[in-house]
Amino acid sequence: MKMFTLLYLLTVVPGILSDVQLQESGPGLVKPSQSIALTCTVTGISITTGNYRWSWIRQFPGNKLEWIGYIYYSAITSYNPSPKSRTTITRDTSKNQFFLEMNSLTAEDTATYYCAR
């Protein structure tokens, strides 16, 4: 089920919302025990548009993917149980952005982080 959800998040149906773009920004590197704050800016659609989940995923060295969590168009959040206690996803609808904050990072959090719809 997790793989299906991830594939769905990464799939864009041709011709539907094809002009939607997501751009991550934040610090390149952080040290263990520090926190990270990432921003995803969405263009081409409002993040309050119905029935969309705005997600954060990460890709570990070796290409393993992990879903971190999402914020629903209605601001409901859901998290992967693994990093849940250290993770917060929020949004700013006035800027059409959503955010990932993770605390108490360890070497095991080394990954490339992506936002996705």
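Placed from the backbone N, Cα and C atoms, the Cβ positions cover glycine too.
Residues annotated as signal peptide in Swiss-Prot: 1-18.
The domain 'Ig-like' feature in Swiss-Prot is assigned to 19-117; the stated evidence is sequence analysis. For the domain 'Ig-like' (19-117), the model's average pLDDT works out to 94.
Residues within less than 8 Å, Cβ to Cβ, of Cys40 (disulfide bond) and separated from it by at least 6 positions along the same chain comprise Leu22, Gln23, Glu24, Ser25, Trp54, Trp56, Gln97, Phe98, Phe99, Leu100, Cys115. Taken from Swiss-Prot, the feature disulfide bond covers Cys40-Cys115, and the record attributes it to sequence analysis.
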